[in-house]
């Protein structure tokens, strides 16, 4: 009726893929020596003791640039498969992709006008 047996390999893969990290953490928790002390709790970077606090504040501009980059990176991920199969999909999918790009361009213009892309 529903041919659920065709998904057996998927469920097997999913179970094995879930068990491997669980077993890895479990085995390392059992076999790893437990040593707590001040050296274990101190900050460490490249073999050198840090000079000063470990917490730094970053300007919000870095986050805005990263956010705009991620949006257009995801756009590329969505548009590449569409471009590779454009001849099969037809005109309706072209219109949908055009609307998708138009929405992203509107967002880019909004970010530009708000000054999110200004570095100084």
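Placement of Cβ uses the backbone N, Cα and C atoms for every residue, glycine included.
What Swiss-Prot lists as transmembrane segment is 9-29 (among others), and the listing cites sequence analysis.
Positions annotated as transmembrane segment by Swiss-Prot, on the basis of sequence analysis: 64-84 (among others). Counting same-chain residues at least six beyond the ends of the transmembrane segment (64-84), those with a Cβ under 8 angstroms from any Cβ of the stretch are 93, 97, 100-101, 104, 107-108, 111, 116-117.
As annotated by Swiss-Prot, transmembrane segment applies to 88-108 (among others), with the evidence given as sequence analysis. Tertiary neighbourhood of the transmembrane segment (88-108): same-chain residues 68, 71-72, 75, 78-79, 82, selected by CB-CB distance under 8 Å and a gap of 6+ residues from either end.
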